[in-house]
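Trainee: Sharing a structure, written as structure tokens. Questions coming.
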Amino acid sequence: MSGEVAQDQPPIRSPRSTRRSQEIVNSAITVQSSAKLDTDKSGAQADKVSSKKSRTTSPELLEDQVVSNESKTSKKKETKASQLFSKRKEIFSTRDLRFLKLRIASPTRIRSWGTHKLPNGKQVGRITKAETINYRTYKPEMDGLFCERAFGPVKDWECHCGRTKGQERNKDGIPIPRVCTHCGVELRDSKIRRHRMGYIELVYPVVHIWYLKSIPSYLGVLLDKPRRELEAITYCTNYASSQDSMAFSASLLFPTTGSFRQSKDSMKWEYLNWFHIETYLGLKEATNSALVHYGKRIQDSPIEVGLPLSEDPRQFSIGAQAIACQLRALNLRSVSRLLSRDLYIIDARETRFGALEEEEMKRRSKLIRRLQLIHYFMQTKAQPEWMVIKALPVLPPDLRPIVQLEGGRFATTDLNDLYRRVLNRNNRFMKLHKMVAPETLIRSEKRLLQEAVDGLFDNGKRGKPVLNSSNRPLKSLADALKGKQGRFRQNLLGKRVDYSGRSVIVVGPKLRLHQCGLPKEMALELFQPLVIRLLLKRKVAPNIRYAKKLMHHAVARGPENPTIIDAVVWDTLAAVVEGYPILLNRAPTLHRLGIQAFEPVLINGRAIQLHPLVCTGFNADFDGDQMGVHIPLSAEARAEAKLLMLASHNLLSPATGQPIVVPSQDMVLGWYYLTTENPWIESTEGLYFSGLSDVEHAYHQGQIHLHSIIWVRWGGESEGSLGDEFEDNPLEIRIDANGHSWHIYSQYQLRYDDEGDLISQFIRTTTGRVVFNQLVHRHIEWSLHDQVMEEIETEFPESVLPPDVMRCLVRLYSAHAIGERPAMLGLASPGTPSPGRACAYPPRDDYADPNQIKEYLNRIGHW
């Protein structure tokens, strides 16, 4: 594939390049102004000299000569500065990119990648030899995989033979391009070997394995043929015909079973004696009739004289060349019109007769897939035959280095072995083709060359991978790109940048939804320039060096036991961090919520604390996952982080629109642990409490355990308290002297007076369930009661189902300002009822007041 880069005008440059360019521009402007001034002076003096019309050397003439020399010098400086500026302007910067377009590369473009024109006019870049370096001189072999003529010199400004060294400059100080007359190597910087490519001209074309073996196979979809048939043609196990014929359809000529087909192929003429006749008398009548019927077709018949003979126009080909011919003969516009017509007929049939059958649906999806692929080729103006490779690009040598080890041995990358494999088979095929070798041998070499290129692109995709001497699969180009250790995720997406950190994430039970716990040591390093600036502003440190020394000592002693000056440093850090958003990212960033903004909360330790509700968006858990921290520097970036990327502003999934902030991870585990029973602890079933608040007091005083089984007086209804099956079958009934009765059940107890009226009831529960119930009632008191439901039904008469109410709230969420959304929805965040307790509950501050909910509902009519 090839990439096309579009650049904006004027280009946006990095700060360093901008400063350098500005310096050059300023120097050019200064030189230009001085030259203009000198030119004016020289013009005035020239007028004086011309008026005198004298050849004598007067002071004015001397002054004129001096000024003119200075003007020439200034013009030279101006020219040099402009050349440097134009040269600097040609330097490519990644910030100049506006977009990147990928498409299939043509053979001509691939050759242009590796072809380079030397100053003497000679073009180099084609690799023809499989050798890497000379093991006697330890220098790269010419025309090999490390050729200095094609990729540039190994040493700066030194040729291959060593006869030409150094760089020559012209009068303006610009290096003169030179080429060694003996070895033909261009003298320049050796860094060019890191980005200069080469190419291999293949004697026989090969099919790109990604387009053949992918799912679905792009070649199969485009040619409308099964992948197995294309693989058989590509790997030279079957021929491709230029046109179909009935002679190739045995089922049409001989519609028989497979067993008879085998007997037909092996039939021979022979005479049977009487013994054979007696033996074959037991054959079934159907078998005899079939043999007689088909025997007439199988018998040889001579050609009658006078019949016209014609040559079969079909042509047979094999290998990638056959695939290329079929792709070249494909008319994309005609095929697109035919496919559109067939698709229109199928859609009309579906509209007229109802649902299509399964076969018609498969055919319809197949037509759509092929039509989309053809449209892609037409839009990108790419040719289908470019999927067959004729020129193979070669990576720069510094990206596949070869290193000398101790003892005279060499270590190299696997790509060099794969390139050597391709070159050896390509050169051998060329020799056999010139020798007019047998067709069988040529066919075998075609298959070997195809397999060598397959191993270079994606080793092991076809089946058995190419192994090295230690039976280890060689690492191909695809292996260097894909996976966690590949070029994209490891070196591009996962590379280290300034003002960033990385650490393990743990749950933060006391955090709010938009907060995260940031270790103090990490925060001090990330915000170091801002902390130093504030220390200097507060006159805590006289200079930058002393401020760094204070910070270093504060980190060395740790934030647990700080001294007075350390406390000043940590207080300064807290002042800097307050209200400053940070970005958290978890790789791989598969969607928008993979990176979100949080307000940092300084904590001790070295792990980042994260809110459990945002784990779904990050697809994170707390089993050792790591996350990266990034600091937005500019005011625009901080504003974007606060207004758009804050976690409390991203409550809905961008893909489905459903809430993505749902309880998970430690929240669910904490609720389960809080409400579970533990029958193995000390029995406390004899304890009775008059209210829920008494249970909480006893728990905080340590009189009962979190999982203790207790009896609590309950004023409301309990589950099953009015059920007939419980009232009819009590475990025990007690009656006191006053006529009061106790009805004891397994989960609750009911007390009645002498008239049968219910006096009180006790339920059997645990301390944790009481705590959980209190938390729910304490922090969700804004729940939709009857009055709020009436208001919803007034505004939405048809909204009587929970999904309708949910859609109403989602619509309400989308209609309001960003800052109002968290308060309006009031989603929970985890916490603990008291320090050291294993419970998760939503803090009260994260919920909206019931009056706010009513106010938002009243504003619905403004839509």
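The backbone N, Cα and C atoms fix where each Cβ goes, and this holds for glycine too.
Annotations per Swiss-Prot:
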type     : residues               : note
REGION   : 1-83                   : region 'Disordered'
COMPBIAS : 23-36                  : compositional bias 'Polar residues'
BINDING  : C159, C161, C180, C183 : Zn(2+) binding site
BINDING  : D621, D623, D625       : Mg(2+) binding site
Trainee: Tell me which residues of the chain lie with their Cβ under 8 angstroms from that of C161 (Zn(2+) binding site), as long as they are six or more apart in sequence?
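Mentor: Expected: C180, H182, C183, V185.
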Trainee: Non-local Cβ contacts of C159 (Zn(2+) binding site) (under 8 Å, 6 or more apart, same chain)?
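Mentor: Looking at Cβ-Cβ distances below 8 Å from C159 (Zn(2+) binding site), excluding near sequence neighbours, one finds E148, P153, K165, C180, H182, C183, V185, L187.
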Trainee: Looking at the binding-site residues D621, D623, which sits with the largest number of other Cβ atoms within 10 Å of its Cβ?
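Mentor: The residue with the densest Cβ neighbourhood is D621.
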Trainee: Using the Cβ center of D621, D623, D625 as the Mg(2+) site position, which other residues in that chain lie within 8 Å, going by their Cβ?
Mentor: I505, A620, F622, G624
Trainee: Among the binding-site residues C180, C183, whose Cβ has the fewest other Cβ atoms within 10 Å?
Mentor: C183
Trainee: Taking only same-chain residues 6+ apart in sequence, whose CB is under 8 Å from that of D625 (Mg(2+) binding site), what do you get?
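Mentor: Residues satisfying the criterion: V504, I505, R586.
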